[in-house]
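Enquirer: Sharing a structure here in structure tokens format.
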Amino acid sequence: MAKKKSKASNSARGYATTSIPSRSASSPANKNQVKGEKNNKTQKVEPKNAFKVENQSNDIGVDTVDAFDHLLLDKTLPTIDAETEVIKNTSLSNSKSFLHSWQTDIRLRKNDNVLGLTEDEIQQILKTFRDSWKSSLKESYAFSNRSSFSLRKRYLWTTFLSLKGMGFEESEIFGAFSSIPIVSIDEYITWMITENLINSEPSNSSFSYEVQPSNYTTFCRMLDEPLPANNPVQSNSRLVPLMKDFSNDIKHTPNKETQPSNQVDDSLKSKDSKPLTMSEVLTQLPEDDIPFDDPFDLTSQYVKVKLKMLRLQIANKKNSEEFSTLNLQLESITSQYLFSSKEAEIVFRKSRIEFMNKLKALQQKLENERIVEEIKKNGIQEDSQSTDDSSKDDDNNSESNDMSPHNDAETRADDDAYLMGDLFNQEEEDIQDTENDLLNANYTLLPLTTDKSGTRPSTTLQYELHKIGSNIKAEFKTMPIGKIGYQSTCFVRCSTGQKTFSDLKTVLPTATLAADYISMIVLFRLMANFTKISLQTFPKSFKEVYGKFSAEKQNTDLAEDAKISEKLDSIIKSKELETPTSATTSKLMAPMDNIGKFSGFERPPETLLNKWRQQLESESAEKFKVFRNQLPATMFRETIIDAVNNSQLLIISGDTGCGKSTQIPAFLLENSTKNGKAVKIYVTEPRRISAISLANRVSQELGGNPPSARSHELVGYSVRLDSKCTPLTPLTYVTTGTFLRLLEVGNEIESVTHLIIDEVHERSIDSDLLLIHVLHLLKQHPHLKIIIMSATLNAEKFQLYFEGSNLITIPGKTYPVHRFYLEDILSQFGNDKSFGNAAGQDVIEEDDYETDQQDASISNKSAEDAIVEMNLIPAWYNEKAINYGLIVYLLKYIFTEGDPKFSKCVLVFLPGISEILRVKSLIEDMPMFRNHRKFCIYMLHSTLSSAQQQSVFNIPPKGCRKIVLSTNIAETGVTIPDVTCVIDTGVHREMRYNSRRHLSRLTDTFVSKANAKQRSGRAGRVQEGICYHLFSKFKHDTQFLSYQTPEILRLNLQEVVLRVKMCQMGDVQDVLGKALDPPSSTNIIRALEKLHQVGALSENEKLTKLGKFLSQLPVDANLGKILVLGCFYKCVDAASSIVAMLTIGSPFRKSVDNEFSANKARLSFAKENTRSDLVLMYYAYCAWREICLSPLGPDEDSFAKEKYLNLEALSMTESLKIQLLSELKDMKLLGASDVDTCKSLKRSICRRFAVIPKEHDINSGNAEILCGVIAASLYPNILRYDYEKRQWSTLSTNKRVRILDVSVNNRSELPNMPSKFVAYTNMMSSTRASEYVNETTMVTLRQLLMMCGLKVENRVSVGQAKLDNFTVYFENVYVSASLSILRRFIETSLNEFFAEPDKRLLNSHLEVIVNIVSRLNYGTKFQKRLKD
């Protein structure tokens, strides 16, 4: 028979296999194996492109070449430098630690406080804010580029290994590294997760928040091949008997390179064949294979519909009508009340994985079947006789082993010979051809021997598999390869799948060695990551094999490390190119040229000095000398000048009218100018009206023109937003706050020669801080002369504070003033009880101020009886009230029945603008005062314009009487020259910190004795005067303080600390410890902590941009933050109204007699889902404002009476609101040229209302966004409801707190509350053990997470966000990534807004934020637990 041609054939089998690199070697002859063979045959095993194995003897192999060594030497080995090796090892260690911690955090995830988003919300967030988020990463993490190259590389390598261990693909990871700066691992996860969503591409990563599977589960997932039909996993560990397989007949021709594991050789596929696609495979999978047929189970129906939609997506039928129908079904299911999206998604994810695995397994099966069919068509078959003959010979010569399937090989060989007869002797030529084909197939014969000293690898494999899972087994299929040896295939199987391992290039001498060899491959390839195998237990030859495998693996890893190192180097270098140059950075970090730059003292030119000298000697100046010489201060001119020249500090105590504020600065200026000396004198005043009026007066007395910012006048002034002076002006009147800001600039104080601090007795925060500055200035600037002046000065205290400084006392020039007290007034009018009528009285609430210092309370009963006996005021008269009827009656009496010499000008002292407006309205209602030719009414208040304030100094025409309604502005510093009569209510309004409410409030309190004296003195400046005090002499003598309490002791220390930080005076405790009346260190520390929480101070106690705004607002820091955030979120009207009401007091009147009706009226302002007492107050304010601004409807009084509204509080609220809006405008937070107002269209206690531009007030009607702003400002004042204990407790300290029944969130409303969190304004203590709150605002998880706190630790890697000690969990990674982007955008936008208020949020961005935050996504768990 003609010799058959040798046909090249593929070395792959008809099923998926796993192969390793081929190894060629010749083996020593086995005596039993070559027994009976033809000795003249010579075998050649010659791999292509490798090496030759030649057999020079009659045995099968004699000369052996180590195939492993050739494999290692044939290629260029990769190398990495020592530094990279250290970086890799460190990164590997760090990554293992991180992954261990990450898996622990995943296991500890809780089902409480879980936050979710809809798919539409996620897409909306990503489309709107993702680009801004990426831009913010470049700015926030630019600092990472300043670290060393090796540190950045180590960080990226650690992050790479960690992300890969978490389930992300390598391509995704390096895509993130290349696209964004060097950021945290959570930011990288956010980028990768959202990148797939943006591009609508499925993610290949397996990352999720599910608990990581056990080793058994992970191992079974690796066995991803389908199990064969009717082939259950064996229950024992013995090897499976040899099975005849058609693949034994395939001629093996290896490729140039080893095929990867579990891959089918491409050479088996025809040129025209293409791999099966998923859509093609899907047609073979019946649709009825989808489970979940329960029509009453929403979760099952949800999963079934989603799987059908998945099939359509794979089949590219997403736009079909069927897909739209399924989408509608899905929406119908998810809209059901009992539907749980979280539970349904968990079930669907598991079902999707099972479905895709089944689809992949079917694809692999169909591909293998197709390949087998092609092989059969090609007719590649071998003679079965030669195969059986070789099998017979090999079986007869194999070594015995307990686990081997060949224990009785010889007997079976005889049986085969008997059964087959003479079949082996037929056609010897064909047998020879078949053997030649096998020998030319380029196999590698591995000459291993069995060493009984060690444990067989197959036994070790079964043992290790059993340790992972008892049902995991290894089965072997061993096949002879001609006469040269055996190959074995290993099937590692569990209950869900299998994995096939084989080496198609390597042949072993015996079947047992073949099974052990493939077991070594399985141990190396599959088991290395699950168990640590001791190589000492193996036979010597297999130790060497495993060592070779390890070397190969090490080289592979080394090549992979070199590849990763190269990629990381490229990425880091590209990041360095993106970093701003050092020149640019230094330019950005450089300070502004005009800040802190001192040009030194500038001496005016001689021509200007001569001009000033001529002015001081001019006729206009001489005219005022007669008046000036009559002032008591003129008598001390030389004494004062000598004292200033001879000492650095001088204290002057001058009574009212002595001329200290006008004359002493003029003395110093005149003396220096006439002597040719250039001076720069600053005079500080507590109020802007004082500074302006004094500057005008002194300029006039010195013969000059009114102050100007252009011409070089002798006198000028500088107040906030108004400056009329030049750098050469020698005498400048400034407010105390303005001078403090001048000190902040830098070395400007070097140009000042004289500093005069006036009205120091008022003890404002600014004046006390300036006194602390004086202590430093005296030491650092010896050339500086300082004068401290006051009318009611505690001289001894100030002398002690400044260590025995000089004191000059100047008597006042005043005329006698007749003082009448309340008992005198009542007795003069015959004790008319009409003055005691409650209507028209404004009761002073004692609860709003501390009485320990204000009222000298007497606790014992005998003392109280003594007070009743000594006080001459009738019992029917309420002395704790402002009696408006008495004020009007006094005015009428003064102008009609009183002495005409006291009726030229009457000054009435009132607490605030609302009282001024009320008295003005009552006066104008009287017919006698409507004649404007006979009576002129003026108002004096800080909110009025400068022109209106200056008008009070005008002298009315002859025959016209003058009435001035003023606050305590007219006490000192401002002298109205024609005042002859004073009506003193004895009350002033001041900001006072209520330690019980933990809140600062504007409070009406009685004045001090010094204040009362100053007020009465206003009537005796030009002639003999008269003063009516509307308080009793007994109250004045026994309950009034001697001096006013300093602001530093009665204000919230947060404001004091902010002012200290604003002035850059150094450590707060050191600075305040040097104050004239230092506060306690405990209160200072508490204030610092609060400011840290608000965000006004940084971690190193530096003033933040937000802190600078808060320091300029006259309210508490928390309330100031409401104003700032109100500007940011464009709800200015609501924010300013709420802050004003919290500062003034509740707009509701209390009714002891009819509490139920009052509470019902209050709740009538509530709208649907109103869960905030503060928002309820705002609704009441809006209703009152609407009544006043509408020409129709009920009048103000009847409406207020019906709704139990406090009109005085509402009027004061509107006045303070206008003032706050002016402050916001000055700080550029409110982008309006001026605060517009509109007049009331009805007769109202409030004449004008603020008008907010519409572009700044978009969201005042959105209650949810208002609640978010309130919560963000009051944080950490948050309460959480405890289900188990059924009580409210603080979020930070878990302290039990009660909510009073007056709150809209009281206990009776708990079942109706969709959230378990509330914010509170202040917490009060009671005589009971617990504490309570009464003004609360409900907060949602979204509002807490998106708007509250300074920094949220958003850990996308574990699906949680930490807000201080409070943890929120996310439903899935998409929710976590989306909310992380949204929170980052809000934080970045806020910082930009604080830095540049003109950079406001776009309305489109704000709309998305409001929609996300405002949705009531509370869930039903809270309500369910409450009902249980």
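Every residue gets a Cβ built from N, Cα and C, even glycine.
In case it's useful when we look at the structure, here is the feature table from Swiss-Prot:
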BINDING   G654, D655, T656, G657, C658, G659, K660, S661  ATP binding site
COMPBIAS  34-51  compositional bias 'Basic and acidic residues'
DOMAIN    641-811  domain 'Helicase ATP-binding'
DOMAIN    886-1064  domain 'Helicase C-terminal'
REGION    1-53  region 'Disordered'
REGION    249-274  region 'Disordered'
REGION    377-413  region 'Disordered'
Enquirer: Can you tell me whether DSSP puts S661 (ATP binding site) in helix, strand or coil?
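Expert: Once the DSSP labels are grouped into three classes, S661 (ATP binding site) ends up as helix.
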Enquirer: Over the span of the domain 'Helicase C-terminal' (886-1064), how high is the average pLDDT in this prediction?
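Expert: Summing pLDDT over the domain 'Helicase C-terminal' (886-1064) and dividing by its length gives 86.
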Enquirer: For G657 (ATP binding site), which residues in the same chain are close in space, meaning a Cβ under 8 Å from its Cβ, but six or more apart along the sequence?
Expert: L631, P632, G812, K813, T814, T975, G1017, G1020, R1021
Enquirer: Across all chains shown, how many C-beta atoms besides its own are within 10 angstroms of the C-beta of G659 (ATP binding site)?
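Expert: Cβ-Cβ neighbours of G659 (ATP binding site) within 10 Å number 21.
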Enquirer: Taking the recorded ATP site as G654, D655, T656, G657, C658, G659, K660, S661, identify the other residues of that chain whose CB atom sits within 8 Å of the mean position of the site's CB atoms, giving them in sequence order.
Expert: L631, P632, A633, A791, I810, G812, K813
Enquirer: For G654 (ATP binding site), what is the secondary structure state per DSSP, taken as helix, strand or coil?
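Expert: Assignment for G654 (ATP binding site) reads strand.
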Enquirer: With every protein chain in view, how many other Cβ atoms are within 10 Å of the Cβ of S661 (ATP binding site)?
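Expert: Neighbour count, Cβ to Cβ under the 10 Å cut-off: 26.
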Enquirer: For G654 (ATP binding site), list the number of other Cβ atoms lying within 10 Å of its Cβ atom.
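Expert: A 10 Å sphere around the Cβ of G654 (ATP binding site) contains 26 other Cβ atoms.
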